[in-house]
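The following features are taken from TrEMBL:
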type   : residues : note
REPEAT : 110-144  : repeat 'PPR'
REPEAT : 145-179  : repeat 'PPR'
REPEAT : 180-214  : repeat 'PPR'
REPEAT : 215-249  : repeat 'PPR'
REPEAT : 250-284  : repeat 'PPR'
REPEAT : 285-319  : repeat 'PPR'
REPEAT : 320-354  : repeat 'PPR'
REPEAT : 355-389  : repeat 'PPR'
REPEAT : 390-424  : repeat 'PPR'
REPEAT : 425-459  : repeat 'PPR'
REPEAT : 460-494  : repeat 'PPR'
REPEAT : 495-529  : repeat 'PPR'
(Lines of atoms letter the chains of each structure in order from A and count residues from 1; the text may use other names and numbers.)
(Lines give C-alpha, C1' and ligand atoms only; values in the text may rest on other atoms or scores of the structure.)
Protein backbone atom coordinates (compact mmCIF):
# COMPACT_ATOMS: atom_id res chain seq x y z
CA UNK A 1 0.00 0.00 0.00
CA UNK A 2 3.01 2.33 0.21
CA UNK A 3 2.66 3.55 -3.36
CA UNK A 4 -1.06 4.08 -2.85
CA UNK A 5 -0.60 6.07 0.34
CA UNK A 6 2.12 8.25 -1.12
CA UNK A 7 0.28 9.03 -4.34
CA UNK A 8 -3.24 9.58 -3.02
CA UNK A 9 -3.51 9.78 0.73
CA UNK A 10 -0.50 11.54 2.18
CA UNK A 11 -1.22 14.88 0.47
CA UNK A 12 -4.68 14.80 2.05
CA UNK A 13 -3.28 13.84 5.46
CA UNK A 14 -0.53 16.46 5.40
CA UNK A 15 -2.55 19.37 3.97
CA UNK A 16 -5.96 18.33 5.21
CA UNK A 17 -5.27 17.36 8.81
CA UNK A 18 -6.16 20.76 10.24
CA UNK A 19 -8.99 21.12 7.72
CA UNK A 20 -10.36 17.75 8.80
CA UNK A 21 -10.32 18.98 12.40
CA UNK A 22 -12.12 22.17 11.31
CA UNK A 23 -14.70 20.11 9.46
CA UNK A 24 -15.33 18.04 12.58
CA UNK A 25 -15.78 21.33 14.46
CA UNK A 26 -18.29 22.73 11.96
CA UNK A 27 -20.16 19.42 11.97
CA UNK A 28 -20.26 19.61 15.76
CA UNK A 29 -21.93 23.03 15.48
CA UNK A 30 -24.65 21.54 13.30
CA UNK A 31 -25.11 18.64 15.69
CA UNK A 32 -25.23 21.01 18.69
CA UNK A 33 -28.23 22.75 17.15
CA UNK A 34 -29.97 19.41 16.62
CA UNK A 35 -28.92 18.30 20.10
CA UNK A 36 -30.81 21.28 21.54
CA UNK A 37 -33.90 20.12 19.72
CA UNK A 38 -33.41 16.58 20.96
CA UNK A 39 -33.20 17.75 24.58
CA UNK A 40 -36.65 19.30 24.14
CA UNK A 41 -37.89 15.96 22.89
CA UNK A 42 -39.83 14.17 25.64
CA UNK A 43 -38.50 10.70 24.94
CA UNK A 44 -37.46 8.25 22.31
CA UNK A 45 -40.80 7.34 20.84
CA UNK A 46 -39.83 3.83 19.79
CA UNK A 47 -37.85 0.95 21.17
CA UNK A 48 -34.26 2.31 21.28
CA UNK A 49 -32.85 -1.08 20.34
CA UNK A 50 -34.73 -1.01 17.03
CA UNK A 51 -32.26 1.35 15.44
CA UNK A 52 -34.07 1.45 12.07
CA UNK A 53 -37.31 2.68 13.62
CA UNK A 54 -36.46 6.27 14.56
CA UNK A 55 -39.12 8.87 13.82
CA UNK A 56 -36.46 11.55 13.37
CA UNK A 57 -32.81 12.40 13.85
CA UNK A 58 -33.77 13.89 17.24
CA UNK A 59 -34.64 10.42 18.51
CA UNK A 60 -31.35 9.03 17.25
CA UNK A 61 -29.40 11.81 18.95
CA UNK A 62 -31.28 11.28 22.21
CA UNK A 63 -30.25 7.61 22.20
CA UNK A 64 -26.69 8.51 21.18
CA UNK A 65 -26.31 10.80 24.20
CA UNK A 66 -27.63 8.08 26.50
CA UNK A 67 -25.06 5.66 25.07
CA UNK A 68 -22.17 8.11 25.23
CA UNK A 69 -23.01 9.15 28.82
CA UNK A 70 -22.76 5.58 30.13
CA UNK A 71 -19.76 4.86 32.34
CA UNK A 72 -19.12 1.66 30.39
CA UNK A 73 -19.48 2.67 26.79
CA UNK A 74 -21.34 0.34 24.39
CA UNK A 75 -19.18 -1.35 21.74
CA UNK A 76 -18.50 0.22 18.37
CA UNK A 77 -20.88 -2.38 16.90
CA UNK A 78 -23.79 -0.81 18.82
CA UNK A 79 -22.76 2.67 17.68
CA UNK A 80 -22.57 1.62 14.02
CA UNK A 81 -26.11 0.21 14.28
CA UNK A 82 -27.15 3.70 15.39
CA UNK A 83 -25.15 5.57 12.71
CA UNK A 84 -26.51 3.60 9.75
CA UNK A 85 -30.14 4.84 9.95
CA UNK A 86 -28.93 8.45 10.39
CA UNK A 87 -26.98 8.06 7.14
CA UNK A 88 -30.16 6.78 5.49
CA UNK A 89 -31.88 9.96 6.72
CA UNK A 90 -29.06 11.85 4.87
CA UNK A 91 -27.85 13.68 8.00
CA UNK A 92 -24.21 13.19 6.99
CA UNK A 93 -22.75 16.12 8.95
CA UNK A 94 -24.48 14.84 12.11
CA UNK A 95 -22.81 11.44 11.67
CA UNK A 96 -19.42 13.14 11.27
CA UNK A 97 -20.02 15.02 14.52
CA UNK A 98 -21.12 11.86 16.35
CA UNK A 99 -18.00 10.01 15.20
CA UNK A 100 -15.88 12.89 16.47
CA UNK A 101 -17.54 12.65 19.90
CA UNK A 102 -17.11 8.86 19.93
CA UNK A 103 -13.37 9.31 19.38
CA UNK A 104 -13.17 11.90 22.16
CA UNK A 105 -14.80 9.42 24.56
CA UNK A 106 -12.37 6.67 23.55
CA UNK A 107 -14.69 4.51 21.43
CA UNK A 108 -12.37 2.88 18.85
CA UNK A 109 -13.42 2.66 15.22
CA UNK A 110 -13.69 -0.57 13.27
CA UNK A 111 -13.79 -1.02 9.50
CA UNK A 112 -17.58 -0.63 9.43
CA UNK A 113 -17.65 2.69 11.29
CA UNK A 114 -14.74 3.98 9.17
CA UNK A 115 -16.71 3.02 6.04
CA UNK A 116 -19.76 4.91 7.31
CA UNK A 117 -17.64 7.99 8.01
CA UNK A 118 -15.87 7.82 4.64
CA UNK A 119 -19.26 7.54 2.93
CA UNK A 120 -20.48 10.65 4.78
CA UNK A 121 -17.45 12.67 3.70
CA UNK A 122 -17.95 11.55 0.10
CA UNK A 123 -21.64 12.51 0.27
CA UNK A 124 -20.64 15.92 1.63
CA UNK A 125 -18.30 16.38 -1.35
CA UNK A 126 -15.15 16.03 0.77
CA UNK A 127 -13.40 13.10 -0.88
CA UNK A 128 -10.10 14.54 0.38
CA UNK A 129 -11.18 13.84 3.97
CA UNK A 130 -12.35 10.38 2.92
CA UNK A 131 -8.88 9.63 1.55
CA UNK A 132 -7.34 11.00 4.75
CA UNK A 133 -9.43 8.52 6.73
CA UNK A 134 -8.14 5.65 4.61
CA UNK A 135 -4.64 6.75 5.54
CA UNK A 136 -5.72 6.83 9.19
CA UNK A 137 -7.16 3.31 8.92
CA UNK A 138 -3.87 1.96 7.58
CA UNK A 139 -1.92 3.78 10.28
CA UNK A 140 -4.14 2.27 13.01
CA UNK A 141 -3.90 -1.20 11.50
CA UNK A 142 -7.58 -1.36 10.49
CA UNK A 143 -7.70 -3.35 7.24
CA UNK A 144 -9.85 -1.65 4.57
CA UNK A 145 -12.34 -3.86 2.75
CA UNK A 146 -13.96 -3.75 -0.68
CA UNK A 147 -16.67 -1.39 0.65
CA UNK A 148 -13.99 1.11 1.70
CA UNK A 149 -12.51 1.16 -1.79
CA UNK A 150 -15.84 1.14 -3.63
CA UNK A 151 -17.04 4.12 -1.55
CA UNK A 152 -13.89 6.11 -2.30
CA UNK A 153 -13.89 5.16 -5.99
CA UNK A 154 -17.52 6.27 -6.25
CA UNK A 155 -16.69 9.54 -4.47
CA UNK A 156 -13.78 10.23 -6.81
CA UNK A 157 -15.91 9.51 -9.89
CA UNK A 158 -18.67 11.82 -8.68
CA UNK A 159 -16.12 14.61 -8.37
CA UNK A 160 -14.82 13.84 -11.89
CA UNK A 161 -11.46 12.68 -10.50
CA UNK A 162 -11.42 9.68 -12.79
CA UNK A 163 -7.64 9.33 -13.04
CA UNK A 164 -7.43 8.98 -9.24
CA UNK A 165 -10.38 6.57 -9.24
CA UNK A 166 -8.72 4.33 -11.84
CA UNK A 167 -5.40 4.53 -9.97
CA UNK A 168 -7.14 3.46 -6.74
CA UNK A 169 -8.92 0.63 -8.59
CA UNK A 170 -5.62 -0.63 -10.08
CA UNK A 171 -3.89 -0.51 -6.70
CA UNK A 172 -6.83 -2.27 -5.09
CA UNK A 173 -6.56 -5.17 -7.57
CA UNK A 174 -2.77 -5.24 -7.31
CA UNK A 175 -2.96 -5.64 -3.52
CA UNK A 176 -5.30 -8.62 -3.78
CA UNK A 177 -8.67 -7.00 -3.11
CA UNK A 178 -11.42 -8.37 -5.34
CA UNK A 179 -13.58 -5.56 -6.76
CA UNK A 180 -17.29 -6.33 -6.83
CA UNK A 181 -19.76 -5.54 -9.59
CA UNK A 182 -20.53 -2.14 -8.00
CA UNK A 183 -16.87 -1.08 -8.23
CA UNK A 184 -16.60 -2.22 -11.86
CA UNK A 185 -19.86 -0.46 -12.76
CA UNK A 186 -18.73 2.77 -11.04
CA UNK A 187 -15.46 2.91 -12.98
CA UNK A 188 -17.26 2.00 -16.20
CA UNK A 189 -19.80 4.77 -15.65
CA UNK A 190 -17.00 7.26 -14.92
CA UNK A 191 -15.12 6.33 -18.10
CA UNK A 192 -18.28 6.76 -20.17
CA UNK A 193 -19.25 10.09 -18.62
CA UNK A 194 -15.81 11.51 -19.41
CA UNK A 195 -15.99 10.28 -23.02
CA UNK A 196 -13.26 7.64 -22.66
CA UNK A 197 -15.06 5.36 -25.11
CA UNK A 198 -12.15 3.06 -26.06
CA UNK A 199 -11.16 2.58 -22.42
CA UNK A 200 -14.78 1.88 -21.48
CA UNK A 201 -15.02 -0.91 -24.08
CA UNK A 202 -11.69 -2.38 -22.92
CA UNK A 203 -12.86 -2.18 -19.31
CA UNK A 204 -16.05 -4.06 -20.22
CA UNK A 205 -13.89 -6.81 -21.76
CA UNK A 206 -11.67 -6.86 -18.67
CA UNK A 207 -14.73 -7.43 -16.49
CA UNK A 208 -15.57 -10.53 -18.57
CA UNK A 209 -11.98 -11.80 -18.40
CA UNK A 210 -12.02 -11.51 -14.61
CA UNK A 211 -15.22 -13.51 -14.32
CA UNK A 212 -17.67 -10.63 -13.87
CA UNK A 213 -20.37 -10.96 -16.49
CA UNK A 214 -21.51 -7.40 -17.26
CA UNK A 215 -25.20 -6.92 -16.59
CA UNK A 216 -27.68 -5.12 -18.83
CA UNK A 217 -26.92 -1.79 -17.10
CA UNK A 218 -23.18 -2.13 -17.83
CA UNK A 219 -23.87 -2.92 -21.48
CA UNK A 220 -26.34 -0.03 -21.66
CA UNK A 221 -23.76 2.39 -20.22
CA UNK A 222 -21.19 1.50 -22.91
CA UNK A 223 -23.78 1.45 -25.72
CA UNK A 224 -24.86 4.97 -24.68
CA UNK A 225 -21.22 6.10 -24.66
CA UNK A 226 -20.63 4.69 -28.15
CA UNK A 227 -23.82 6.33 -29.42
CA UNK A 228 -22.79 9.73 -28.01
CA UNK A 229 -19.42 9.31 -29.76
CA UNK A 230 -21.34 8.67 -33.02
CA UNK A 231 -19.95 5.12 -33.14
CA UNK A 232 -23.30 3.58 -34.01
CA UNK A 233 -21.87 0.52 -35.77
CA UNK A 234 -19.88 -0.43 -32.66
CA UNK A 235 -22.92 0.24 -30.46
CA UNK A 236 -25.07 -2.07 -32.61
CA UNK A 237 -22.40 -4.78 -32.43
CA UNK A 238 -22.49 -4.61 -28.62
CA UNK A 239 -26.30 -4.59 -28.78
CA UNK A 240 -26.24 -7.80 -30.87
CA UNK A 241 -23.74 -9.38 -28.44
CA UNK A 242 -26.09 -8.60 -25.56
CA UNK A 243 -28.95 -10.40 -27.33
CA UNK A 244 -26.79 -13.39 -28.33
CA UNK A 245 -25.97 -13.89 -24.64
CA UNK A 246 -29.67 -14.31 -23.98
CA UNK A 247 -30.32 -10.86 -22.52
CA UNK A 248 -33.39 -8.87 -23.55
CA UNK A 249 -32.41 -5.21 -24.02
CA UNK A 250 -34.71 -2.84 -22.19
CA UNK A 251 -36.39 0.37 -23.36
CA UNK A 252 -33.44 2.44 -22.08
CA UNK A 253 -30.98 0.74 -24.46
CA UNK A 254 -33.41 0.96 -27.40
CA UNK A 255 -33.78 4.69 -26.69
CA UNK A 256 -29.99 5.17 -26.78
CA UNK A 257 -29.84 3.56 -30.22
CA UNK A 258 -32.92 5.37 -31.54
CA UNK A 259 -31.48 8.71 -30.44
CA UNK A 260 -28.20 7.98 -32.23
CA UNK A 261 -29.97 6.83 -35.41
CA UNK A 262 -32.17 9.94 -35.46
CA UNK A 263 -29.16 12.22 -34.91
CA UNK A 264 -27.39 10.53 -37.84
CA UNK A 265 -30.49 10.79 -40.04
CA UNK A 266 -30.83 7.01 -40.42
CA UNK A 267 -34.59 6.89 -41.02
CA UNK A 268 -34.71 3.33 -42.39
CA UNK A 269 -32.73 1.93 -39.44
CA UNK A 270 -34.92 3.87 -36.99
CA UNK A 271 -38.10 2.31 -38.43
CA UNK A 272 -36.44 -1.13 -38.30
CA UNK A 273 -35.57 -0.72 -34.62
CA UNK A 274 -39.08 0.51 -33.77
CA UNK A 275 -40.51 -2.59 -35.47
CA UNK A 276 -38.13 -4.79 -33.43
CA UNK A 277 -39.36 -3.11 -30.26
CA UNK A 278 -42.99 -3.87 -31.17
CA UNK A 279 -42.13 -7.50 -31.99
CA UNK A 280 -40.52 -7.84 -28.55
CA UNK A 281 -43.53 -6.20 -26.85
CA UNK A 282 -41.45 -3.24 -25.67
CA UNK A 283 -43.80 -0.27 -25.33
CA UNK A 284 -42.61 3.17 -26.36
CA UNK A 285 -42.28 5.52 -23.40
CA UNK A 286 -42.18 9.31 -23.09
CA UNK A 287 -38.42 9.34 -23.80
CA UNK A 288 -38.91 7.39 -27.06
CA UNK A 289 -41.64 9.74 -28.25
CA UNK A 290 -39.54 12.80 -27.35
CA UNK A 291 -36.66 11.39 -29.43
CA UNK A 292 -38.95 10.93 -32.44
CA UNK A 293 -40.62 14.34 -32.02
CA UNK A 294 -37.20 15.99 -31.74
CA UNK A 295 -36.02 14.23 -34.92
CA UNK A 296 -39.06 15.52 -36.87
CA UNK A 297 -38.60 19.03 -35.46
CA UNK A 298 -34.93 19.16 -36.45
CA UNK A 299 -35.95 18.31 -40.03
CA UNK A 300 -38.62 21.01 -39.98
CA UNK A 301 -41.38 18.37 -40.30
CA UNK A 302 -43.85 20.20 -38.05
CA UNK A 303 -47.02 18.26 -38.98
CA UNK A 304 -45.26 14.90 -38.39
CA UNK A 305 -44.01 16.13 -35.00
CA UNK A 306 -47.53 17.20 -33.98
CA UNK A 307 -48.98 13.91 -35.26
CA UNK A 308 -46.52 12.05 -33.02
CA UNK A 309 -47.70 14.13 -30.04
CA UNK A 310 -51.30 13.08 -30.87
CA UNK A 311 -50.21 9.42 -31.09
CA UNK A 312 -48.60 9.73 -27.64
CA UNK A 313 -51.82 11.01 -26.15
CA UNK A 314 -53.82 8.20 -27.74
CA UNK A 315 -51.41 5.78 -26.04
CA UNK A 316 -52.20 7.43 -22.71
CA UNK A 317 -48.84 9.24 -22.48
CA UNK A 318 -49.12 12.98 -21.83
CA UNK A 319 -46.39 15.35 -23.10
CA UNK A 320 -43.92 16.45 -20.41
CA UNK A 321 -41.79 19.58 -20.10
CA UNK A 322 -39.18 18.05 -22.46
CA UNK A 323 -41.81 17.50 -25.18
CA UNK A 324 -43.02 21.08 -24.90
CA UNK A 325 -39.44 22.42 -24.91
CA UNK A 326 -38.77 20.56 -28.17
CA UNK A 327 -41.86 22.16 -29.74
CA UNK A 328 -41.02 25.63 -28.39
CA UNK A 329 -37.50 25.29 -29.80
CA UNK A 330 -38.84 24.18 -33.18
CA UNK A 331 -41.24 27.12 -33.51
CA UNK A 332 -38.55 29.59 -32.40
CA UNK A 333 -36.09 28.24 -34.98
CA UNK A 334 -38.80 28.43 -37.67
CA UNK A 335 -39.33 32.09 -36.74
CA UNK A 336 -42.82 31.36 -35.40
CA UNK A 337 -42.32 33.02 -32.02
CA UNK A 338 -46.04 33.65 -31.40
CA UNK A 339 -46.66 29.90 -31.85
CA UNK A 340 -43.85 29.19 -29.35
CA UNK A 341 -45.55 31.52 -26.86
CA UNK A 342 -48.85 29.66 -27.43
CA UNK A 343 -47.07 26.40 -26.53
CA UNK A 344 -45.80 27.97 -23.29
CA UNK A 345 -49.39 29.04 -22.46
CA UNK A 346 -50.61 25.51 -23.26
CA UNK A 347 -47.99 24.06 -20.92
CA UNK A 348 -49.31 26.14 -18.04
CA UNK A 349 -52.90 25.16 -18.78
CA UNK A 350 -51.80 21.52 -18.63
CA UNK A 351 -50.28 22.17 -15.21
CA UNK A 352 -46.70 21.94 -16.49
CA UNK A 353 -44.55 24.89 -15.50
CA UNK A 354 -41.91 26.01 -18.01
CA UNK A 355 -38.41 25.32 -16.68
CA UNK A 356 -35.12 27.13 -17.15
CA UNK A 357 -34.60 25.34 -20.50
CA UNK A 358 -37.93 26.69 -21.82
CA UNK A 359 -36.99 30.22 -20.83
CA UNK A 360 -33.49 29.86 -22.27
CA UNK A 361 -34.94 28.90 -25.66
CA UNK A 362 -37.20 31.98 -25.67
CA UNK A 363 -34.46 34.28 -24.31
CA UNK A 364 -32.04 33.08 -26.99
CA UNK A 365 -34.63 33.72 -29.72
CA UNK A 366 -35.31 37.30 -28.62
CA UNK A 367 -31.58 37.93 -28.16
CA UNK A 368 -30.94 36.91 -31.77
CA UNK A 369 -33.63 39.42 -32.78
CA UNK A 370 -31.77 42.09 -30.78
CA UNK A 371 -34.78 42.63 -28.50
CA UNK A 372 -32.73 43.27 -25.36
CA UNK A 373 -35.49 44.96 -23.31
CA UNK A 374 -37.87 42.06 -24.04
CA UNK A 375 -35.18 39.62 -22.88
CA UNK A 376 -34.69 41.51 -19.62
CA UNK A 377 -38.48 41.34 -19.02
CA UNK A 378 -38.44 37.55 -19.56
CA UNK A 379 -35.56 37.10 -17.10
CA UNK A 380 -37.52 39.14 -14.53
CA UNK A 381 -40.57 36.90 -15.15
CA UNK A 382 -38.39 33.82 -14.59
CA UNK A 383 -37.28 35.09 -11.21
CA UNK A 384 -40.83 36.06 -10.18
CA UNK A 385 -41.91 32.49 -10.94
CA UNK A 386 -39.11 31.12 -8.76
CA UNK A 387 -36.89 29.96 -11.63
CA UNK A 388 -33.33 31.22 -11.30
CA UNK A 389 -31.30 31.79 -14.48
CA UNK A 390 -28.52 29.22 -14.98
CA UNK A 391 -25.12 29.54 -16.63
CA UNK A 392 -26.72 29.05 -20.07
CA UNK A 393 -29.12 31.98 -19.48
CA UNK A 394 -26.26 34.21 -18.39
CA UNK A 395 -24.13 33.14 -21.36
CA UNK A 396 -26.94 34.09 -23.76
CA UNK A 397 -27.24 37.51 -22.09
CA UNK A 398 -23.47 38.07 -22.05
CA UNK A 399 -23.22 37.15 -25.73
CA UNK A 400 -26.07 39.54 -26.59
CA UNK A 401 -24.64 42.46 -24.62
CA UNK A 402 -21.22 41.87 -26.20
CA UNK A 403 -22.69 41.88 -29.71
CA UNK A 404 -24.65 45.04 -28.90
CA UNK A 405 -21.41 46.70 -27.71
CA UNK A 406 -22.67 46.92 -24.11
CA UNK A 407 -19.46 45.53 -22.58
CA UNK A 408 -19.86 47.41 -19.29
CA UNK A 409 -23.17 45.55 -18.68
CA UNK A 410 -21.34 42.26 -19.25
CA UNK A 411 -19.11 42.78 -16.22
CA UNK A 412 -22.24 43.44 -14.13
CA UNK A 413 -23.77 40.17 -15.40
CA UNK A 414 -20.65 38.19 -14.43
CA UNK A 415 -20.79 39.74 -10.94
CA UNK A 416 -24.49 38.81 -10.65
CA UNK A 417 -23.70 35.23 -11.70
CA UNK A 418 -21.12 34.86 -8.97
CA UNK A 419 -23.45 36.36 -6.34
CA UNK A 420 -25.99 33.72 -7.36
CA UNK A 421 -23.35 31.02 -6.81
CA UNK A 422 -22.98 30.35 -10.55
CA UNK A 423 -19.40 30.32 -11.78
CA UNK A 424 -18.63 31.27 -15.40
CA UNK A 425 -17.85 28.24 -17.57
CA UNK A 426 -15.65 27.84 -20.64
CA UNK A 427 -18.45 29.22 -22.87
CA UNK A 428 -18.67 32.40 -20.75
CA UNK A 429 -14.94 32.93 -20.99
CA UNK A 430 -14.94 32.23 -24.75
CA UNK A 431 -17.57 34.93 -25.30
CA UNK A 432 -15.50 37.43 -23.28
CA UNK A 433 -12.26 36.45 -25.01
CA UNK A 434 -13.87 36.80 -28.44
CA UNK A 435 -15.27 40.24 -27.53
CA UNK A 436 -11.98 41.58 -26.21
CA UNK A 437 -10.09 40.11 -29.18
CA UNK A 438 -12.40 41.95 -31.58
CA UNK A 439 -11.70 45.13 -29.59
CA UNK A 440 -7.96 44.48 -30.00
CA UNK A 441 -7.47 44.21 -26.23
CA UNK A 442 -4.94 41.35 -26.37
CA UNK A 443 -3.49 41.98 -22.90
CA UNK A 444 -7.00 41.79 -21.41
CA UNK A 445 -7.51 38.49 -23.24
CA UNK A 446 -4.34 36.99 -21.80
CA UNK A 447 -5.50 38.05 -18.32
CA UNK A 448 -8.87 36.26 -18.87
CA UNK A 449 -7.15 33.06 -20.05
CA UNK A 450 -4.98 33.16 -16.93
CA UNK A 451 -8.12 33.69 -14.77
CA UNK A 452 -9.79 30.69 -16.43
CA UNK A 453 -6.93 28.41 -15.51
CA UNK A 454 -6.87 29.69 -11.93
CA UNK A 455 -10.57 28.81 -11.74
CA UNK A 456 -9.73 25.27 -12.88
CA UNK A 457 -11.29 25.78 -16.34
CA UNK A 458 -9.06 24.70 -19.19
CA UNK A 459 -9.38 26.44 -22.58
CA UNK A 460 -11.07 24.30 -25.24
CA UNK A 461 -10.63 24.20 -29.03
CA UNK A 462 -12.95 27.24 -29.39
CA UNK A 463 -10.80 29.29 -27.00
CA UNK A 464 -7.65 28.39 -28.89
CA UNK A 465 -9.25 29.14 -32.26
CA UNK A 466 -10.24 32.63 -31.07
CA UNK A 467 -6.67 33.27 -29.83
CA UNK A 468 -5.07 31.89 -33.00
CA UNK A 469 -7.40 34.01 -35.17
CA UNK A 470 -6.56 37.13 -33.15
CA UNK A 471 -2.79 36.65 -33.30
CA UNK A 472 -2.99 35.90 -37.03
CA UNK A 473 -4.97 39.10 -37.68
CA UNK A 474 -2.40 41.04 -35.67
CA UNK A 475 0.36 39.54 -37.87
CA UNK A 476 1.81 37.64 -34.90
CA UNK A 477 2.20 34.37 -36.83
CA UNK A 478 4.86 32.83 -34.59
CA UNK A 479 2.65 33.50 -31.55
CA UNK A 480 -0.25 31.75 -33.33
CA UNK A 481 2.02 28.77 -34.08
CA UNK A 482 2.97 28.62 -30.40
CA UNK A 483 -0.74 28.46 -29.49
CA UNK A 484 -1.23 25.51 -31.88
CA UNK A 485 1.69 23.71 -30.17
CA UNK A 486 0.18 24.50 -26.73
CA UNK A 487 -3.16 23.02 -27.85
CA UNK A 488 -1.53 19.74 -28.79
CA UNK A 489 0.44 19.59 -25.55
CA UNK A 490 -2.86 20.01 -23.69
CA UNK A 491 -4.29 17.05 -25.62
CA UNK A 492 -6.61 19.22 -27.75
CA UNK A 493 -6.33 18.48 -31.45
CA UNK A 494 -6.86 21.35 -33.91
CA UNK A 495 -10.14 21.13 -35.86
CA UNK A 496 -11.03 22.29 -39.37
CA UNK A 497 -11.58 25.85 -38.09
CA UNK A 498 -8.06 25.96 -36.61
CA UNK A 499 -6.52 24.75 -39.84
CA UNK A 500 -8.57 27.21 -41.95
CA UNK A 501 -7.30 30.14 -39.86
CA UNK A 502 -3.69 29.00 -40.25
CA UNK A 503 -4.04 28.26 -44.00
CA UNK A 504 -5.63 31.68 -44.55
CA UNK A 505 -2.78 33.39 -42.67
CA UNK A 506 -0.01 31.56 -44.53
CA UNK A 507 -1.64 32.38 -47.88
CA UNK A 508 -1.97 36.07 -46.97
CA UNK A 509 1.65 36.11 -45.82
CA UNK A 510 2.75 34.57 -49.14
CA UNK A 511 3.75 31.30 -47.48
CA UNK A 512 1.77 29.08 -49.86
CA UNK A 513 4.00 26.01 -49.48
CA UNK A 514 3.40 26.10 -45.69
CA UNK A 515 -0.32 26.37 -46.35
CA UNK A 516 -0.17 23.28 -48.59
CA UNK A 517 1.74 21.42 -45.86
CA UNK A 518 -1.08 22.27 -43.43
CA UNK A 519 -3.67 20.84 -45.84
CA UNK A 520 -1.62 17.61 -46.02
CA UNK A 521 -1.44 17.53 -42.20
CA UNK A 522 -5.22 17.93 -42.00
CA UNK A 523 -5.77 14.87 -44.21
CA UNK A 524 -3.27 12.82 -42.20
CA UNK A 525 -5.23 13.75 -39.08
CA UNK A 526 -8.43 12.50 -40.73
CA UNK A 527 -9.84 16.03 -41.16
CA UNK A 528 -11.07 16.71 -44.67
CA UNK A 529 -10.62 20.31 -45.88
CA UNK A 530 -14.00 22.05 -46.32
CA UNK A 531 -15.08 24.67 -48.85
CA UNK A 532 -13.41 27.41 -46.77
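Backbone N, Cα and C define each Cβ position, glycine as well.
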In the repeat 'PPR' (320-354), averaged pLDDT is 92
With the cut-off at Cβ under 8 Å and a gap of six or more residues from its ends, the chain residues touching the repeat 'PPR' (250-284) are 216, 219-220, 223-224, 227-228, 230, 232, 235-236, 239, 242, 291-292, 294-295, 315, 317
Across the repeat 'PPR' (180-214), DSSP labelling yields 26 helix, 0 strand, 9 coil
The DSSP breakdown of the repeat 'PPR' (390-424) into helix, strand and coil residues is 26 helix, 0 strand, 9 coil
Residues outside the repeat 'PPR' (180-214) whose C-beta sits under 8 Å from one of its C-beta atoms, at least 6 past its ends, are 146, 149-150, 153-154, 156-157, 160, 162, 165-166, 169, 172, 221-222, 224-226, 228-229, 231, 234, 238
Per the Cβ filter (under 8 Å) with a sequence gap of at least 6 from its ends, the repeat 'PPR' (460-494) is approached by 426, 429-430, 433-434, 437, 440, 442, 445, 449, 452, 501-502, 504-506, 509, 525
In the same chain, residues at least 6 away from the ends of the repeat 'PPR' (320-354) whose Cβ sits under 8 Å of its Cβ atoms read 286, 289-290, 293-294, 297-298, 300, 302, 305, 309, 312, 361-362, 364-366, 385, 387
